[in-house]
Amino acid sequence: MKIPGVATVLGGVTNGVAQTVRAGARLPGSAAAAVQTLASPVLELTGPVVQSVVQTTGRAIGVRGSHNESPDGMTPPVRWRSGRRVHFDLDPLLPFPRWHEHAAMVEEPVRRIPGVAEAHVEGSLGRLVVELEPDADSDIAVDEVRDVVSAVAADIFLAGSVSSPNSAPFADPGNPLAILVPLTAAAMDLVAMGATVTGWVARLPAAPQTTRALAALINHQPRMVSLMESRLGRVGTDIALAATTAAANGLTQSLGTPLLDLVQRSLQISEAAAHRRVWRDREPALASPRRPQAPVVPIISSAGAKSQEPRHSWAAAAAGEASHVVVGGSIDAAIDTAKGSRAGPVEQYVNQAANGSLIAAASALVAGGGTEDAAGAILAGVPRAAHMGRQAFAAVLGRGLANTGQLVLDPGALRRLDRVRVVVIDGAALRGDNRAVLHAQGDEPGWDDDRVYEVADALLHGEQAPEPDPDELPATGARLRWAPAQGPSATPAQGLEHADLVVDGQCVGSVDVGWEVDPYAIPLLQTAHRTGARVVLRHVAGTEDLSASVGSTHPPGTPLLKLVRELRADRGPVLLITAVHRDFASTDTLAALAIADVGVALDDPRGATPWTADLITGTDLAAAVRILSALPVARAASESAVHLAQGGTTLAGLLLVTGEQDKTTNPASFRRWLNPVNAAAATALVSGMWSAAKVLRMPDPTPQPLTAWHALDPEIVYSRLAGGSRPLAVEPGIPAWRRILDDLSYEPVMAPLRGPARTLAQLAVATRHELADPLTPILAVGAAASAIVGSNIDALLVAGVMTVNAITGGVQRLRAEAAAAELFAEQDQLVRRVVVPAVATTRRRLEAARHATRTATVSAKSLRVGDVIDLAAPEVVPADARLLVAEDLEVDESFLTGESLPVDKQVDPVAVNDPDRASMLFEGSTIVAGHARAIVVATGVGTAAHRAISAVADVETAAGVQARLRELTSKVLPMTLAGGAAVTALALLRRASLRQAVADGVAIAVAAVPEGLPLVATLSQLAAAQRLTARGALVRSPRTIEALGRVDTICFDKTGTLTENRLRVVCALPSSTAAERDPLPQTTDAPSAEVLRAAARASTQPHNGEGHAHATDEAILAAASALAGSLSSQGDSEWVVLAEVPFESSRGYAAAIGRVGTDGIPMLMLKGAPETILPRCRLADPGVDHEHAESVVRHLAEQGLRVLAVAQRTWDNGTTHDDETDADAVDAVAHDLELIGYVGLADTARSSSRPLIEALLDAERNVVLITGDHPITARAIARQLGLPADARVVTGAELAVLDEEAHAKLAADMQVFARVSPEQKVQIVAALQRCGRVTAMVGDGANDAAAIRMADVGIGVSGRGSSAARGAADIVLTDDDLGVLLDALVEGRSMWAGVRDAVTILVGGNVGEVLFTVIGTAFGAGRAPVGTRQLLLVNLLTDMFPALAVAVTSQFAEPDDAEYPTDDAAERAQREHRRAVLIGPTPSLDAPLLRQIVNRGVVTAAGATAAWAIGRWTPGTERRTATMGLTALVMTQLAQTLLTRRHSPLVIATALGSAGVLVGIIQTPVISHFSGVPRWDRSPGRASSAPRQEPPQSQRWHRSGWQAQSVSCNLMNALTTRKTLTRVDRTYRRPR
């Protein structure tokens, strides 16, 4: 579609630029003609633009005609036209928000017009949408429509039914101003650039920079802009400011500013064109007459008093501030003035910069400067970079979203992403495509809840109902009878419908039907958590399972408008994601979208169009996920733009103060038009574009369906997942340039370079991450400042220090990632995939999947949804899967639930709300008994184990030592800046030149920045990580090692962490044992051995190397075998097994038939649960003996044991062959048993667990045991591990009823928690942190993953099924020895001590340098005693290497095992060493460290000042004095470093080496000249006798960098003779 005037503008601009270039050096008249040609097309657009501005401003300020003025003679303007579709604006004729009330009066006569195919009123837009016939004359039809609408409007007015409150449309999609405004501004920029080039070529005089300063004052003063907007509106203000700025730039011949603005406007034009294209494509569907019109009902206005005149600030999309408004009692949007009013980082800085520039300009005038100085101050404070960075990000992001089909109604919303603090997700947006049964109830015999559920679900999906079980009835002729549906409502809907299941005319049950959750709901919530914003979910029916994934929830029916307002008032700007479905069409949703700072609505083609939204996406959540992922990037882009603006202002101010800005007289100089402010703006522009492109390049999220597979029949599951054709995997689109490079990399010549190139690319990425440090921008600005006032070499030196720090950190990052990848690769799992015929019916394929014998062994990573896997004990489940076959199946799910006992599994569906989900297998669980086949339903990030990592809201990783150093840096930097300012001020007081004074101040401020801090932190953590890795602890996140040094509370998961998750026999008791016997007898006792032998006979023996059928069998047989070996007996070698009955949960016992020898009597041996075995036993006194038996069982259970009863009887049932013995026959005979005794089993504790717990308690650390086991088991295990015997056990149920304060208080006092869920584990860790504890969480399962991530230090124990815990952990223990945890804590303390001493060296030394420089400047000749290079040399010799040596060296000397006579003595020494380290003072960077820094700084300054004073007040040269001070400065710091680590050979060698390097630098001519540290005079006597002579003020040179320092070195050697001095005077005399 063509936009009127655009072609004219482009053609005129092109001709104007060409004529300007041809003008060359012609007369000014020709240049003026060229400018006129360039501007003429812009002037042609003045009329339409002014008209639009007037209309917009009238709407903005509420200007209307008189309420009594008739609309006669007025015709509706055309707002949009594309092809056969035309939009007429009804607002000028019917100025009220309820256009739909008179829709029928408008639509009917328009539809009767010849050539009109369809017409309807789009009430929310205030438009009449007309679709013309293909063969109709569009112009005639449009004129007739205008006449008819005008007549209808007049009739309505005369009928007196018009009320005309102030109103405006929600949005104005397709408004040509969206392109015309930035296009006009771009044309003005081109005019300004043409005028500038013409002025350069024609050598025309330029206007003073006060002209540009005045334009900048208008353009960048928020108060001034607000005043203009109140009079001209947004569009008028935008055009006026663009014209003012372009005129000022053209008159002053400034090229950089219009060039940057042209780039920015080009981005806005491309963004607006993309939005317009999307509107053209989606308008027929969005403005369709078949869509329902949302009802509009009055709501409470937020405008205040009724008499208050409502206003809004609507504008074209190009202005980026459009608000969607209907006032006068309908949907309250723009009069809700809080929308978008909260200032973001850019707005905050703009206000500061506006005030600061005014203050700077006033100061320049007061100090005696002229208007040019004041103008320079104003121009230096222009926050251009802040604006352009955000605009570039939003424009590129908006264009990218439009390219994927997302409709952005308000581009200003993209500019507000950086200030979002709350994300509200409406459950309506999480609706999937298919209906789902949420609750089922059976009402007739043969129709239980599960049967009703599966039949109703099949009917909803158009599938055949599954075959009934023997006790169920067939579903022939089943249908759903829906309850009457309610229409659209003004109250929030819940998305729930009711239906009866009718079979053969009879109602057999009822169901509640909602919708499946969108597959992108989980990625959406996970992305929302990563934004750092508060995540709030408003439920609808079916979203209850997502409660644990958000910060807070609200029940269905909660008013969304009220919720958004409250959250915005309480927490800040709100981003709302919702959808308007047909059954959700309420004004509550539309109003909430209107007032949300950013409103995102999913489009439902069957529902009303959400015109109040800022962005309308497609029908799924994929685009919403991308928008959420842009939040942190937008925030970072704005903050980066603000930092660049600050740096540009600082450098511009420095140029202004030193006068360097005035030295460039050539108007075409690159340095003149790319000043620091423009350079910062250009950098921000590129950075913003790059950030937006990074968001757009993010891969699409992986869908994670939440279908209730456990409640569906296996046949239904198989038909949905594997029954149909499976789509081929499609690779994502790869840019052409990447494909070309990839093809070239496989060429024979280039192939060897692939590996190094990939490594370099990875190193570059890692280095870029390391540069994200608060010191980086400070050092970058300092380097630029050094280049401005000092030397380029000084700037390169500073930049080199930054680069070395970043590369070193990047290398460490790559090493850690490679080690982690190697660990995970070693634990790659293989799985058997069943080969299923591809060509067959679904039912036959299912049968093949269940019974086929052909399998293929593949990597677990290659599994896809729909694959069938074969599993047996003791394999780990590789993915979430629905069971198809389960033979005596028991699964250990402790990694998910924390419950150490195996759970039984089944194939039959379970209730939809059943939390056990017995028909499912979950990734990471372990098969402990039986055999299974299952169909994969989820892999990778879609599994329950991986979701557990992000299942809890507000989980953040702990801050590293860098965060602590940032706090210290924020305290130190003001001191260094103050030192630089003091040096400058003192130099000026001593009558030094302004340039030299500022140069000295900058040198001090830059060189005193402790640039070694990031490197110290990186290397110290690297050293600690390497030492821990060598001991069996892989450090995945080295930055958390610092927290290890401060950990005071260690939380342990029990199952699989402190225990091996493997059962062992603890005791065997004869039936006659006393109930309260304590201690329990040993299994080697004769009576106990008989019980254990009988239990072993009842256990199922392994066959053909397949392993044990059950974990209890394995434990009992292992104990019996060990017992036989210890007793040196034959054991049960004579026991002959005749038949076996394996354990089944439904049966409750295992049995075996056998005899001793060949002639023995066949015996039936049973072992099983006491509640199953005891009723089958024959007791002498049933009442007393049964009570005694229960007492024994209860006593053993209180010890945390799993109890099995063992019984026997003779077998006289005939056949005893295994294949002929039926389990039912055994069950029938298993009565009148003789009770033999009891076997107690328990989870096996790791051998290192108790010593670890005891050592931690001895080191005054708090130990917390968290488990999902029964409280009795938890108490027993705690006692076994060394915790106090009287420790109280707190259950999850007790925690659930407590508020946060009571929760924290209880957690601080308790040591054992039982029956806790994964969410409660996180709550326990969080409660401990609120109490001020520094926590470590040690775990091995997915149920520990969120708590591991929440803790200050997360520690994962490597083992079966522990991938989720490893993925969330900062440190992974790679072997079974938990004792390495003590080494980790010691390393944390050692690292902290090293960092603390290194920080003392770095910061304390810099403090001393600043003090020495200030004193030297005050009492010297007005010059700093040392310069930038000298201070960098000092930092290199005293900070870089000595401080790093201290950082990587432990303060605590570890005992040498060779010094001790025995291993026990060495081990005792090691224990004492660890204890001494751990019970020492807690390391910190607070007051104690500050005292050390001050002490070192004072000592350093005193030593250097003393040496400098001796040199100054004794005969000698000025350079000799400076060298003496510099040498003393270095030696004083090295001496203090030696005292810090006098036991470390590395530190001693580094200190002595640094001293030697200093001597070498001083005595080596070339190096001494470069560094500015001249060597000692070879004739000390002559030097001491020569009087100090200083050249007069007129002879002082003002050169910088290498030249000035080389001159000073030559001068020191030449001052001994008058002849040489005269030559120096002639050579370096200042030119007149």
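Cβ coordinates come from backbone N, Cα and C, glycine included.
As annotated by Swiss-Prot, transmembrane segment applies to 148-168 (among others).
According to Swiss-Prot, the feature transmembrane segment maps to 177-197 (among others).
Summarising the annotation, Swiss-Prot assigns transmembrane segment to 358-378 (among others). Sequence-distant contacts of the transmembrane segment (358-378) (same chain, six or more residues past either end, CB-CB distance under 8 Å): 208-210, 212-214, 216-217, 221, 653, 656, 661.
Sequence-distant contacts of the transmembrane segment (637-657) (same chain, at least 6 residues past either end, Cβ-Cβ under 8 Å): 344-346, 349, 353, 356, 360, 373, 376-377, 379-390, 393, 418, 675-681, 683-684, 687-688, 691-692, 777, 780-781, 784-785, 788-789, 994, 998, 1002. According to Swiss-Prot, the transmembrane segment annotation covers 637-657 (among others), on the basis of sequence analysis.
Look at Swiss-Prot and you will find 673-693 (among others) tagged as transmembrane segment.
According to Swiss-Prot, the transmembrane segment annotation covers 778-798 (among others).
Listed by sequence, the residues of this chain that lie at least six past the ends of the transmembrane segment (968-988) yet keep a Cβ under 8 A from its Cβ atoms are 774-775, 778, 994, 996-998, 1000-1006, 1008-1010, 1013, 1399, 1403, 1406-1407, 1410-1411, 1413-1414, 1417-1418, 1422-1424, 1485, 1489-1490. Swiss-Prot lists 968-988 (among others) with the feature transmembrane segment, giving sequence analysis as the kind of evidence.
According to Swiss-Prot, the transmembrane segment annotation covers 997-1017 (among others), on the basis of sequence analysis.
For Asp1053, the entry in Swiss-Prot reads active site, 4-aspartylphosphate intermediate, with the evidence type similarity to another entry. According to DSSP, Asp1053 (active site, 4-aspartylphosphate intermediate) sits within a strand segment. All protein chains shown were included, and the count of other CB atoms within 10 Å of the CB of Asp1053 (active site, 4-aspartylphosphate intermediate) stands at 28.
The feature Mg(2+) binding site is assigned by Swiss-Prot to Asp1340, Asp1344, with similarity to another entry given as support.
The feature transmembrane segment is assigned by Swiss-Prot to 1401-1421 (among others).
What Swiss-Prot lists as transmembrane segment is 1432-1452 (among others).
For 1547-1567 (among others), the entry in Swiss-Prot reads transmembrane segment, with the evidence type sequence analysis.
The region 'Disordered' annotation in Swiss-Prot covers 1573-1601.
Panel annotation: around the transmembrane segment (1432-1452), residues 794, 797-798, 801, 1007, 1010-1012, 1015-1016, 1019-1020, 1022-1023, 1386, 1389-1390, 1393-1395, 1397-1398, 1401-1402, 1405-1406, 1409, 1426, 1473, 1476-1477, 1526, 1529-1530, 1533-1534, 1537, 1540-1541, 1544, 1546-1547, 1549-1551, 1553-1555, 1557-1558, 1561, 1571, 1573 of the same chain, lying at least six beyond its termini, place a Cβ under 8 Å from a Cβ of the stretch.
Within 10 Å of the C-beta atom of Asp1344 (Mg(2+) binding site) sit 37 other C-beta atoms, taking all shown protein chains into account. Rounded to the nearest whole angstrom, the C-alpha distance between Asp1344 (Mg(2+) binding site) and Asp1053 (active site, 4-aspartylphosphate intermediate) is 7. When Cβ atoms from all protein chains are considered, those within 10 Å of Asp1340 (Mg(2+) binding site) total 31, not counting its own. Taking the C-alpha positions, the distance from Asp1340 (Mg(2+) binding site) to Asp1053 (active site, 4-aspartylphosphate intermediate) comes to 8 Å.
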